């Protein structure tokens, strides 16, 4: 296991650049001693914990005043890392925060690795692995709903569910041990078999129910992957720009001007819509455009939602019919663009629920948002306030494996296998669930997860 004997680390916890405040954070047993060497003000070793203290940062070698600061002094164990923490609040700016950080390092601190503060919180038992991952999700959340899921996970909703199941599995394993220790008692074996069957079915149902939230959780966390498709020059890029309320894609009358896949985010009902403006799908001899077309086809296959744009002022072409065919099994909304011009498209060959729009005149764009809302939110019941959602790919994969192990136990019971032979699968389920919370996670995984954090967190 990773050692719990830590040195004192330091890092800048605010974004680099100009700002009102910059924060240099220290964590470890020597935090107060290091800060006291460079801080002129109250004796930090004597101040009350969790207080802000006015003073100046001074280079002890030269006597140079670096900045006027407020120093937050927080004593263990009631801190984020459960170690002594010092937070030096400086005036924002690259130079001053860097110089103060270098002073702290010179006086005995070590530059923190990415995510090392949160890693220490995990290793010191302040948070488990799901809660540590929730910290990153809060930082990366693009909407309030994504943030709410992350906050709920940070609060321990997923941890509590997993830990309760693990405890129940341990209780069940204890009963199996009784069967192994006292095989001469047939009534004990029958009781144990009945308990194991009942409990494993209960565990499987709970985890399967949790897995059903994965699609909704992924949407709330990552957004609805939305491919805007159509033959060249039907208004795909104009639609993207309209939804974004800014010009991101090149808009011209020349077919093939979008040569690659453009991705941008827009909020619909508090959920991120990841808009993908694809290159027009058509046959072309242009090598660069061909690459864009292939990427467009890939985006179409992977999209949660497809916006198919057709030109209402022109008859359906072979390319239009091809797009209608290849997208018919997707979650699709058909948009008839350029309705400000005389309509010549054959609507009898289209589904009835098309939306007529004019991107140029900004007509009926709101109806697209209404349709998306109906597809994903109102009809699907996307958000339940008190529900626990799976949104992390690592969690989903592990719970799928846990369900498979439980199914193996249930199948063995159906075949009449003795419960003691099924102990291995039940124990494996307990171990897999422990990987989710970090109780049984390998050191390499922990290191890899925390390396994804930013410096200072």
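Each residue, glycine too, has its Cβ placed from N, Cα and C.
Straight from Swiss-Prot, the features:
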type	residues	note
BINDING	25, 87, 126, 457	(6S)-5-formyl-5,6,7,8-tetrahydrofolate binding site
BINDING	233-238, 252-258, 277-280	GTP binding site
BINDING	233, 252, 254, 257	K(+) binding site
BINDING	237, 258	Mg(2+) binding site
DOMAIN	223-377	domain 'TrmE-type G'
| said: On the 0 to 100 pLDDT scale, where does the domain 'TrmE-type G' (223-377) sit on average? | reply: 76
| request: Please compare the binding-site residues 233, 237 by how many other CB atoms fall within 10 Å of each one's CB, and tell me which has the fewest. | output: 233
| query | How many neighbouring Cβ atoms, not counting its own, are there within 10 Å of the Cβ of residue 236 (GTP binding site)? | reply | 30
